[in-house]
Amino acid sequence: MNSQPQTRSPFFQRPQIQPPRATIPNSSPSIRPGAQTPTAVYQANQHIMMVNHLPMPYPVPQGPQYCIPQYRHSGPPYVGPPQQYPVQPPGPGPFYPGPGPGDFPNAYGTPFYPSQPVYQSAPIIVPTQQQPPPAKREKKTIRIRDPNQGGKDITEEIMSGGGSRNPTPPIGRPTSTPTPPQQLPSQVPEHSPVVYGTVESAHLAASTPVTAASDQKQEEKPKPDPVLKSPSPVLRLVLSGEKKEQEGQTSETTAIVSIAELPLPPSPTTVSSVARSTIAAPTSSALSSQPIFTTAIDDRCELSSPREDTIPIPSLTSCTETSDPLPTNENDDDICKKPCSVAPNDIPLVSSTNLINEINGVSEKLSATESIVEIVKQEVLPLTLELEILENPPEEMKLECIPAPITPSTVPSFPPTPPTPPASPPHTPVIVPAAATTVSSPSAAITVQRVLEEDESIRTCLSEDAKEIQNKIEVEADGQTEEILDSQNLNSRRSPVPAQIAITVPKTWKKPKDRTRTTEEMLEAELELKAEEELSIDKVLESEQDKMSQGFHPERDPSDLKKVKAVEENGEEAEPVRNGAESVSEGEGIDANSGSTDSSGDGVTFPFKPESWKPTDTEGKKQYDREFLLDFQFMPACIQKPEGLPPISDVVLDKINQPKLPMRTLDPRILPRGPDFTPAFADFGRQTPGGRGVPLLNVGSRRSQPGQRREPRKIITVSVKEDVHLKKAENAWKPSQKRDSQADDPENIKTQELFRKVRSILNKLTPQMFNQLMKQVSGLTVDTEERLKGVIDLVFEKAIDEPSFSVAYANMCRCLVTLKVPMADKPGNTVNFRKLLLNRCQKEFEKDKADDDVFEKKQKELEAASAPEERTRLHDELEEAKDKARRRSIGNIKFIGELFKLKMLTEAIMHDCVVKLLKNHDEESLECLCRLLTTIGKDLDFEKAKPRMDQYFNQMEKIVKERKTSSRIRFMLQDVIDLRLCNWVSRRADQGPKTIEQIHKEAKIEEQEEQRKVQQLMTKEKRRPGVQRVDEGGWNTVQGAKNSRVLDPSKFLKITKPTIDEKIQLVPKAQLGSWGKGSSGGAKASETDALRSSASSLNRFSALQPPAPSGSTPSTPVEFDSRRTLTSRGSMGREKNDKPLPSATARPNTFMRGGSSKDLLDNQSQEEQRREMLETVKQLTGGVDVERNSTEAERNKTRESAKPEISAMSAHDKAALSEEELERKSKSIIDEFLHINDFKEAMQCVEELNAQGLLHVFVRVGVESTLERSQITRDHMGQLLYQLVQSEKLSKQDFFKGFSETLELADDMAIDIPHIWLYLAELVTPMLKEGGISMRELTIEFSKPLLPVGRAGVLLSEILHLLCKQMSHKKVGALWREADLSWKDFLPEGEDVHNFLLEQKLDFIESDSPCSSEALSKKELSAEELYKRLEKLIIEDKANDEQIFDWVEANLDEIQMSSPTFLRALMTAVCKAAIIADSSTFRVDTAVIKQRVPILLKYLDSDTEKELQALYALQASIVKLDQPANLLRMFFDCLYDEEVISEDAFYKWESSKDPAEQNGKGVALKSVTAFFTWLREAEEESEDN
C-alpha cells in the first residue's frame, strides 16, 4: 500500500453521525469472584492479541495487556440509529457504521472485504501480573446509594416509597445467577478498590481486566468484594458538561472508549481488574492525542501477542515481520523502544480496538509518553512514541510496515498480515468493565479519542496476532497481577483532581444483537452504575461527534456501505433478549464480550434535553421526559430483575412488556443462521462454531445513502426456560368415564373399565377378527343390570351407526344371548341379554313419534324466525336432525333384520314391522321398508307366508304407480319388487365387510380382468383406421378399427373347419381381424379331423374362407393350443401385417363392417359387402368349401395370383415374423405357467413354439414379466429356465442373450426398480444352485453389459448372497474359487476389492483356505452335545439363520447333517425356543417358528423320513413338559401352516408303531385328534372340488 499523507485530518473517513438511540448495553462481562483463570477461557476460533503500551509519566507498573477486538472489522465504532429516531441531514461523520455482533451467529468475526478472505477478529489479551485473589467475602445486604449525593444511602427512602433521584432507570440483573447488588464508584465504601481511576490515573483504561471475566468461570456465584473507593464522588463516567469542555481540544472525542456498561465487580478479582484498568488508559489517551504515528505503532501492535501462537490477521497495512521471539526475562526499558512516525491514516491503531475492548470489558494497556499534553496540541506533527513492554520482551523486534493511505477503495482490500512472533510472555487476559477513565488533564481525553480514530488499521493488524495466543495466555499471567494491582491502587488513591474523561461511546455502536449475544454471565454482572455512566457520557460524545463531522469529509468506502447495510439489516432494532443469551457458557460469554469488534457497542448515548437533568449538574433535580426513559426499556439490566432486589411493586416489574413492532422482511442472505439453518432469533443458546457466519454479500450496494432507513422488524423472542401455562377452563368438558364425580365409587370404576374394554372390542370387530374378539368378550365380567344395559347400549349404538357391520354386531349379540344378571329392583329375578336388547330395538323403532315432535318444534322455530341468518341456521339444524334420525332408523331396521336372520326375533315381530312401515307413507318409513325386505325378504317369503307377502308387494306396486313419492323412493321400491321376481338374488354383490382372504381373492380376479382388458385395448389400438400396412405378399391394407371386438376364444371351442387345417377368414387375408385357425387356437390336424365330422355343421362361415392352395403349409405345428392360454390369449388380436400365426378371434360382423381393403377392385360400400357375405352364408351347406362367386373372384384376382407365392414363402414368413408373434405367445405361456405352476405343460408349450434360435425372446419376456412381481414368481421362473436349459430345449446362448437385453437397461431401470439387482439375482440363482450353468460362464457373460456402468460387482454380490441362503457360505466360497474368478475384473477401476467385499459382507469368499472352525476335525458330537450347542445358538445367542448355517457346516459333515440325531436336536431346540410359559399354561410363539422355518426347511429337505424324526423330537419335548393341553396341537397347526411338515409325515407319525417312540404317544394322539380330523376333511373337500 502506498503511503499518502493526509493533511486535512489524521483520522479515517467517517459516515454521518446519526442521532443516538437507546440500546441494551449488555456486552460488558460480569466480573465475578473466582479462583485463577481457567486454562481454556477463550475458544479456539478467537484470536488473542497483545498490544504494547506507551511509557507513562506515573509510577505505574507496566506490562503487556491483551485487548480483544470487537465486532467492527473495518468500520469505526458508530452505527446509525434506528428508524424511529430523526435522521440528521447527510454529511460526513466521524464514525463508520458497521454490523453488530448480533448480526452474526457468533459475536466476533473479521471485516469483510470483497477480494479478501474473511478472518475472525480475536480477543486481544492484555497480560498483566496476576495476584492471587483476596479472601472472599460473604454476600452483603443490598444498599442503594445516590452517586450525586456523595454516595448517600437511599435504600430506605426507596423502600418507603420515596422516588429515587438516580438519573438512570433501575438496571436489572439477570435472574440466572444470584449476585449481590453492584455499586457505583462513588457509592462504594472506603475499603473497596475503585474501578474507575482517580484524577491522576489517566492511564486507567476504560476496559476491564480480562482476568476478571476469565475468572468468572471459576465460580458461578459471585461474592461481595471490597472495592477501592474513589476519593471523589465525581469519579464516575465523564459528564457531558466536562465533555463539552474538552471539545475544543479534541478533534474526535467520540472515539474515546470507556465501557458504558461497567458492572462493578464485587469479587476479589476486582482488585486485579482495577489495577489492570489503570494501566490501559494512558495508552489510549496518549495514542489518541497524536495525529501522526510511525510504523513503530504497527510493530508493537503486531508484536503485542508474544509467545502466543500467532495466526495471520487481516491488516490494513502489509507488515513484514523481521524479528524473532527472544528471551523474556528482560527489563522493560531494554525492550523495543522505537520511534514511530506513520500517518494516522496508515497506522491501524488500537484505539478503536481499545474502544471495542473497553466496551466489552477488555482494555489495551498502552503507556503514554511524558509529553502527552504537548502532543495533544500538535495534531499534525509526527510523534515519537516509546513503547515499553513491561515483562519478558524480546530483545529485538522489528516489523516493517508499509503504510498506505486509506481510501474508500483500499480499505476493504488489505492483505492479511503474516504471523508475527510473540513479543512478551502470555498473561492472563484482563477485562475491565470500567465505563470511565479519569485522566489528569483534558488532553488525555483527546489522546484517547485520537487513539480510537486509528482503530481501523491497528485492529486489523492485531486481530491475527491474537489467534494463537489463547492456549498460553492464562498460564503465565497469574503471577503478574499483584504488581499492577498495587500500583493501580496506589494511583487511584493518590489522584486528588476530579478531572474526568468522557469515555462513553455512541449507543448505536453496540448493536442490539451484540447485547443479546452476551452470555448469562455478562448479564449477571450488569450494575446500576453502568447505566449512570452511559448517561454521563452521551452528551459529551454527541458534541465530539459534531465537532469531528466538520473536519473530515472523504467519500464513503464501499465496504463501509456494506457494513452500514448489514447493520441496518441485522442491528437496526434493539432486540430485548436474544434467545439463548442466558444459556451461553461463561467462556463463550467472555469471548463474546471481548471479541465484539467495537467499543462503540457498549456506550449508550442518551439525548439530554435542555430542560432535563444532565450528568454535569450534580445537584439539579432529576427529571426526564417519557422518551428519554423509554430509551432504557430493553437494556438487559432493565429487562432482568436482580436476585436480591426487594419486592417494590410500584417500581420493579417482574416481567418485560414487549412492544409490538411491525414485522419486516429479512434478507435471507444476511439473516445469520446456524449449521442447521436455524435463524438467529431461534438460536437457543447455541454458539455457532467457527466465529462469525458467512460474510455479508452484496449488502452495501442496497444502501447507497447514509440516511436511507428500513422499517423496524418485529423481534420474536422465544424463551426456552419459561414454562407456558395454558389457561384452563373452569367447566371444561371431560369424558364421562373421566369425571371426578364418578371416579370415587370403586364399583363405578369397574363399570367404566368394563365399558372401555367393550368399546375397544367393538372398534376392532371385523369378520376376520370375530372369533378372537368374542373370546375376549366372554372373559368380561358383566354381573349387574347396569353393566348389562350399558354393554347393550354400546353394541346397539355401534350397530345402528355402522349398518354395514350389522351382521358382525348381530352375531356378537347372538353369542351373548344367554347372558343373565340379577335385576336391580328385584333381587330374586334375573334379566337376560336378549330381552334387554329387543326392548332397546323396539324403543328405537317406535321413536319416530318423538322425532316427529322434535321436527315440528324445530319447524315452528324456523317459521317464526325472521332474520335470514337465523332461518338458515335453523333450517340446517332441522335437516341435520332429520338426516340423523333417518340414518338411525335405517341402521336399526338393518340390525333388526340381521337379528331375525339369527332367530333372535320371531317372524310375527317382523311382519308387524313391515305392516307398520307400509302404513306410514312417508319416505323415511318406505326407505326402511325397502331396507328391511332387502335384508329378510328371502326368509319371510316362504310358501305359507306368500299370500301375506303378495299383499305387501301389491301395496308397494300401488305406491310406485301413484307416483306420489320421490323418484328415489320409487326406484327403491321397484328394486325390491324386482329382487323378489329374481327369487331374492341380488344383481349386485353384497357390499358388506370382507375378510382379508376375500379381498385378496377379489383383487386377483380384478387384476386378471384388467390384464385382459389391457390386452384387448392393445389389440384394438393396432386396428386404428387409416394406417396402411404392406404384408409379405406385397398387399397394401387399410385397417379400420370401427366397432372391432375381440371375443374370448373359449366361446368358440367347437367351431372348426370342415376341411383343411387352415385358418378361417371372413375377409381377405390381409384384413386385420381374421379369425385364427379355428377358435381352438391351433389344434393339431388329427384333432381337427376328429372334430370335423361332429362339428362341421357349426362352422357356417367356412365358405367365407379363401381357397387355400394345396401346397400351403399347415400352420398347426407352430400354433398355440388355446387350452393353455385361455386367460391371456383371448384378448390378443392379429397383428396389422397379418402374420400367418393368429392367436385371437373376432366377430364376423366386425370385418363385414370394417373398412374396405385395397385388394378389392371396386370401391363397394360396406353395406354391399355385408349383403354379399350374408347371401353367401345363406347358401352354405356347411359340408364343403364353396368357391367365391364370380364377382368376388374378379375382385380378388390380384390376390389369387399372389397366393402361390405366399404359400411358397410360408416357411420364410414364419421365420421372419415369428419374433413379434413369439413374444406374444411367450407372454401367454409365462402367464399361464405362473398361474398354475405346471413345469411340464410350460416346457411342452415352449417346445411347440419350434423357435430355436429365437427363444431369447422367451427368456427376455420371462425376465421382464416377473421382474416386478413377487419373489416366489421369480423363483418359479428361474426354475423353469433351468429346466429348459437342462432339457436342452433352451440353449445357453439364448439364455444369456435374453438376459443381456435386460441387463443393458438395468442401470436405468434401477431408478424405477431400486432392487432390480436382487430381482435379477433371484431369477439366476436357481440356475447356479442346480448347476445348470457354471459359475464362471454365467458371471463372465452377465458382467459384459454391466462392466461399462460399473454394476457387475453389485449383481454378483446379490447372486452370491442368495446362494449363501440356499447353500452355505462354504459351498459358495468353493464355487467361487473353483470358477477361478477375480473380483478386480468385475469392479470399477480404482475400487478397493477388500473394502467392497467387507461392505457387501462377502469377505468369506476372499479366503482360499477354510476358516479355523472348518479346519478343525469334525468329531462326532453326541445328541446331548449337539442339543446344547444348538440351544445356545438359537435360544441364548439368538443367532440368525446364517450363523446357524455356518456353525452346522463348520462342525458337521454331510452325513451328520442328515442324521436323526442332528435333526432331533435341531427340532427340539427350535420348539423349546418357541414355547411360552404363562404361569401354568403353555402356548406356542408362532413368530419364532416362522423365523426358523428356513433352517427347518433346509435340513428337513422335504424328506418324509426326516420330517418324521422331527415329529418324534417334538413329541418327546411335549412329554418332558408333561404334555400341556393343546400345546402339541398348536405346534402341529403352525408346522403345517408353514409347510415345514407335510401331510404324509403327519399321517406317518399318526400310524407309527415304532416301540422306541411310544412314550406318551397315546396322550399325544388324543390331543391332536381334532387336527387329524380337520386334515382329512380338508383333503376330502379338495378332492371334491
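A Cβ is built for glycine as well, from the same backbone N, Cα and C atoms used for every other residue.
Among the features that Swiss-Prot reports, compositional bias 'Polar residues' is placed at 24-36 (among others).
What Swiss-Prot records for 216-226 (among others) is compositional bias 'Basic and acidic residues'.
Swiss-Prot lists 315-329 (among others) with the feature compositional bias 'Polar residues'.
According to Swiss-Prot, the feature compositional bias 'Basic and acidic residues' maps to 611-620 (among others).
The compositional bias 'Basic and acidic residues' annotation in Swiss-Prot covers 860-876 (among others).
Feature annotation from Swiss-Prot assigns compositional bias 'Polar residues' to 1091-1102 (among others).
For 1185-1203 (among others), the entry in Swiss-Prot reads compositional bias 'Basic and acidic residues'.
According to Swiss-Prot, the feature phosphothreonine maps to Thr168.
The region 'Disordered' annotation in Swiss-Prot covers 1-36 (among others).
Under the heading region 'PABPC1-binding', Swiss-Prot lists 134-162. The average per-residue pLDDT of the prediction over the region 'PABPC1-binding' (134-162) is 69, rounded to a whole number.
Among the features that Swiss-Prot reports, region 'Disordered' is placed at 208-232 (among others).
Annotation source Swiss-Prot lists region 'Disordered' at 305-332 (among others).
The region 'Disordered' feature in Swiss-Prot is assigned to 567-620 (among others).
Among the features that Swiss-Prot reports, region 'EIF4E-binding' is placed at 619-630. Counting residue by residue with DSSP, the region 'EIF4E-binding' (619-630) contains 5 helix, 0 strand, 7 coil.
Swiss-Prot lists 686-711 (among others) with the feature region 'Disordered'.
The region 'Disordered' feature in Swiss-Prot is assigned to 729-749 (among others).
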Check your understanding: Taking residues 6+ outside the repeat 'HEAT 5' (945-984), which of them lie with a CB under 8 Å of any CB in it?
Key -> 907, 911, 914, 918, 921, 923, 926-927, 929-930, 933-934, 937-938
Revision key, fill the gap. Reduced to three DSSP states, the region 'Disordered' (860-880) has 18 helix, 0 strand, 3 coil
Revision key, fill the gap. Secondary structure split (DSSP) over the repeat 'HEAT 1' (745-783) reads 28 helix, 0 strand, 11 coil
